[in-house]
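**Q** Let me give you the structure first, and then I'll get to my questions.
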Amino acid sequence: MGNCLSGGSTIDPAARDKNRKIDEMLKEERIKQRTEVKLLLLGAGESGKSTIVKQMKIIHEDGYTESERAAYKDVVRTASAIKTLWADPDIQAAFSRSSKYQLNDSAKYYFENIDRISEEDYLPTVQDILRSRVKTTGIVETRFTYRSLNFRMFDVGGQRSERKKWIHCFENVTAIIFCVSLSGYDTVLLEDESQNRMQEALKLFDSICNNKWFENTSIILFLNKVDLFKAKIEKVPLTVCFPAYDGPQEFEPCGSYIQEVFESCCKSSTKEVYTQFTCATDTDNIKFVFCAVTDTIIKRNLRDCGLL
């Protein structure tokens, strides 16, 4: 009887080895999950999302190789076709009313650098690449490592037709970075000229903040294109977008007002929106801001683990 019980309790070596391997795989997966950060980059079209992704390549990878920079030649060099137009005073006068047209934010930069861009041996600089605009379609994933964390950043097209694809990125998102073009307060959508860009961004942000999918997801708000906003706010009143605003037409009070309007969209008393003012074409600014974003993510993870 005793021998029978003893024999029955013997674990098959092959089964034991299989169990050990499964335990090791589960342990590795838990470690991977603790060090993996999944960032969803959202926002309306032309809010600067893709420029943020380019900055991650510059800051956290090895930047752009000469061959990669050369690949942007055709994207950037399209500006050379309008060199003679830029010299026309009537065109310059029309440019001062550019918010009335669907003109790229970087147009002035390329106009002013057209001689350099037109040179035979032209090779795009990093700034040329950062300011280039190619519409994002579908979902673009960028991976990099920073402070022992493995980041996966997903850039999704911001036009209305692209937003339906966001659902595929919703699962297990660590944080959402929502980009808003501050300078878009007096412009309209490319796909719907009856809709103000900032009002569209506000509606979209409201739907993201209060979405059940994101109840436990950190929301980081990038109020982007600070440089363009500072120049524009002196000429175009904020009341064209927010009639209730009655403060001075200066960057700080106007910026603070926009921040309050967006943050008030969040209806949850336990959810906090972390706001940063950014200039996506400024590498030093994005480097500083992303460091702060990472601190926020780490603190959130520690709090979720009960260590804070």
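In case you wondered, yes, glycine gets a Cβ from its N, Cα and C as well.
OK, TrEMBL features for this one:
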- 46-51, 105-106, 130-136, 155-159, 224-227, Ala280: GTP binding site (BINDING)
- Ser50, Thr136: Mg(2+) binding site (BINDING)
**Q** Whose Cβ, among the binding-site residues Leu130, Val134, Val156, Ala280, has more other Cβ atoms within 10 Å than any of the rest?
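**A** Per the Cβ count within 10 Å, the most buried is Ala280.
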**Q** At 10 angstroms around each C-beta, which of the binding-site residues Ser50, Asn224 has the fewest other C-beta atoms nearby?
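**A** Across Ser50, Asn224, these binding-site residues, the one with fewest Cβ atoms within 10 Å is Ser50.
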**Q** CB neighbours of Glu46 (GTP binding site) within 10 A?
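**A** Counting Cβ neighbours of Glu46 (GTP binding site) within 10 Å gives 24.
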**Q** In DSSP terms, helix, strand or coil for Val156 (GTP binding site)?
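**A** Once the DSSP labels are grouped into three classes, Val156 (GTP binding site) ends up as strand.
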